[in-house]
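Copied over from TrEMBL, here are the features:
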DOMAIN    567-617  domain 'Cationic amino acid transporter C-terminal'
TRANSMEM  45-67  transmembrane segment
TRANSMEM  79-98  transmembrane segment
TRANSMEM  110-131  transmembrane segment
TRANSMEM  173-194  transmembrane segment
TRANSMEM  236-257  transmembrane segment
TRANSMEM  278-304  transmembrane segment
TRANSMEM  324-346  transmembrane segment
TRANSMEM  398-420  transmembrane segment
TRANSMEM  502-522  transmembrane segment
TRANSMEM  528-552  transmembrane segment
TRANSMEM  564-588  transmembrane segment
TRANSMEM  594-612  transmembrane segment
Amino acid sequence: MGVLVDSQKEGFGSSWGGLKSLVRRKQVDSAHSKRSGHHQLAKELTVPHLIAIGVGSTIGAGVYILVGTVAREHSGPALAISFLIAGIAAALSAFCYAELASRCPSAGSAYHYSYICVGEGVAWLIGWALILEYTIGGAAVARGISPNLALLFGGEDSLPIFLSRQYIPGLDVVVDPCAAILVFIVTGLLCVGIKESTFAQGIVTTANVCAMIFVIVAGGYLGYNTGWAGYKLPTGYFPFGVDGMLAGSATVFFAYIGFDSVASTAEEVKNPQRDLPLGIATALSICCGLYMLVSIVIVGLVPYYAMDPDTPISSAFASHGMQWAAYIITIGAVTALCSTLMGSLLPQPRILLAMARDGLLPSFFSEVNKSSQVPIKSTLATGLVAATLSFFMDVSQLAGMVSVGTLLAFTMVAISVLILRYVPPDEVPFPSSLQESIDSVTLRYSQRISGKNPETNPETSTFVDSSQPLLGNKNVAVDCLIIEKQEAQAYWTLTEQNRRKIAGWTIMLLCVGAFGLTFAASNVWIPSLIRLTCCGVGGVLLLSGLIVLTCIDQDDARHNFGHTGGFICPFVPLLPIVCILINVYLLINLGAATWARVSVWLLIGVVVYVFYGRSHSSLLDAVYVPAAHADEIYRSSGDSLA
């Protein structure tokens with residue numbers, strides 16, 4: 001019996017061979033799998049750096065507007081509870097990210113995890129969607145900085161002519177030089193080095209947090225003196241009901257998007273098993289605490305129905321005679337936008353780097369500068385595209401597309417945790433250059449197995465000697481009964497192979513159930529009978545999947561998968577399943593217009609993959625062997641993998 005499983009090379013020219021490329025999976029980076037020909041990114045980051053990245057990327061200027069809109073339309077005085085529920089929902093994804101980031105600490109974030117656990121096709125779509133997210137997100141944030149800067153200097157026309165927005169009649173566009181200049185400045189910072197750029201982001205983030213602390217302290221003092229008028233309303237604490245509060249939670253959930261930027265820097269963390277989970281958890285906790293405290297204060301100062309939807313915090317202070325507080329709040333908004341801009345431009349070069357390392361994009365993007373140990377070419381390409389978009393285009397209408405990439409990544413990370421726990425990859429890809437070592441180990445295992453065969457080694461056999469006549473054996477009846485009993489027990493025993501099959505199908509049906517349930521529940525235009533049927537079937541699939549995964553054992557290989565000793569996601573399978581359900585629900589409710597735009601981008605990605613990525617993948621000629629035999633092949637070859 002050989003150990004060679006070359007599942008990718010057969011029939012690659014056929015349609016089935018093409019489909020196989022979609023499910024081929026790469027190996028977790030390990031001590032054996034050093035990338036020859038590639039410089040590694042600098043390992044400079046510690047917990048404080050990760051907190052600065054997480055908080056800076058998450059707390060944007062939107063919170064200075066979001067509190068007014070959500071309080072007026074959905075939550076009322078219960079706004080803080082909406083932020084709490086949204087924070088708990090975001091924490092579910094954070095738990096999944098923390099385990100995968102500590103097990104697979106390499107550049108690429110959700111793309112990297114999907115490639116390891118799910119397959120190349122899904123990983124490509126996730127990476128392609130993340131490219132869109134960070135590009136549009138960075139451009140949209142940059143376009144929002146110049147109006148806030150203008151407010152600091154007295155109004156829309158107060159900026160110098162070379163920074164202010166200008167209308168070009170011939171092109172019918174409004175150009176924003178300030179946005180493009182800021183993108184180039186941030187790009188230059190990112191090219192200097194990860195430690196230096198993170199230090200700068202930490203300074204800007206500190207200024208933003210100080211502005212929010214001012215709002216909390218000064219607002220709390222005002223509320224104490226005025227008796228918290230916003231909470232003394234006849235409508236009560238839930239004027240829109242519990243449903244309104246939950247709708248508010250779905251809206252403010254997007255205020256927590258950004259902590260996944262921490263995972264994109266996993267390769268640059270000194271101690272990823274310890275620091276990545278701490279950085280993600282601390283950053284998310286700080287954001288949730290600040291959001292809730294600001295909400296409590298602002299809703300208490302002004303009745304929710306009297307809030308200004310555009311400038312809720314400034315107007316709340318102005319109503320109590322503190323017009324000067326608007327300057328501090330505007331400074332907070334500007335620093336929040338600058339920090340978020342850095343958080344948007346930081347992950348994308350690392351996504352491009354990871355995809356180029358895997359051969360799915362040109363090697364141009366995988367080059368790392370020797371001195372700064374930063375992917376400078378990927379960073380410059382990212383900055384150039386984002387600056388061009390922010391200069392020429394009003395991307396506010398495309399901002400919803402940012403959420404698609406994030407929610408797809410969150411969903412796939414939760415699915416990857418389930419796969420890692422129940423059906424982790426049991427085959428390891430090797431380059432075809434190690435074919436000689438693979439053949440040697442294959443032969444060795446074949447000899448070991450044949451050496452244990454009862455017919456070839458009768459001295460060690462406990463079975464019936466096949467060379468003797470069956471009727472001549474006086475214990476044949478007893479032996480037959482024992483064999484039949486063993487076969488019956490084996491029939492009812494869940495073998496490892498069957499367990500993996502059951503777990504794999506269950507995870508797939510779970511995803512189908514989550515989609516069916518949320519799609520039917522979110523679309524009231526569907527006929528009631530069909531809608532109730534879809535909800536029922538989806539609910540049954542989810543519940544039965546949870547029961548099945550709870551009852552069967554998790555795979556023992558999970559203990560040695562990737563880099564061990566890091567964070568372990570709790571409450572599996574319940575936590576990832578709830579995470580999948582929440583993210584799929586939010587994805588479906590993004591709107592048809594958003595999905596139409598995203599579909600165009602994803603179709604372009606499919607074309608790029610078919611005509612370039614699939615044929616240039618580093619796994620194109622990979623030879624797959626059982627993971628249990630990988631170490632022996634490494635020792636036999638004595639070479640490091642590319």
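Just so you know, glycine gets a Cβ as well, placed from its N, Cα and C.
Bear in mind that TrEMBL entries carry predicted annotations, made automatically and left uncurated.
Comparing 278-304, 324-346, 398-420, 502-522, 564-588 for CB pairs under 8 angstroms to the transmembrane segment (528-552), the maximum falls on 502-522. Within the chain carrying the transmembrane segment (594-612), a Cβ under 8 angstroms from the stretch's Cβ atoms is held by residues 121, 124-125, 128-129, 132, 360-361, 398, 400-401, 403-404, all 6 or more beyond its ends. Here the listed stretches are 79-98, 173-194, 502-522, and the one with the most C-beta pairs under 8 angstroms to the transmembrane segment (278-304) is 79-98. For the domain 'Cationic amino acid transporter C-terminal' (567-617), residue counts in helix, strand and coil come to 40 helix, 0 strand, 11 coil, using DSSP.
As a quick check, the transmembrane segment (398-420) and the transmembrane segment (173-194) miss the bar of 3 or more Cβ pairs under 8 A, pairs 6 or more apart, so the two do not touch. With Cβ pairs under 8 Å as the measure, the transmembrane segment (236-257) is packed most heavily against 79-98, out of 79-98, 110-131, 173-194, 324-346, 502-522. Listed by sequence, the residues of this chain that lie at least six past the ends of the transmembrane segment (324-346) yet keep a Cβ under 8 A from its Cβ atoms are 53, 56-61, 63-64, 134, 137-138, 141-142, 144-145, 148-149, 151-152, 182-183, 186-187, 189-190, 197, 200-201, 204-205, 207-208, 210-212, 214-215, 218, 258, 261, 264-265, 311, 313-314, 317-318, 379, 382-383, 386.
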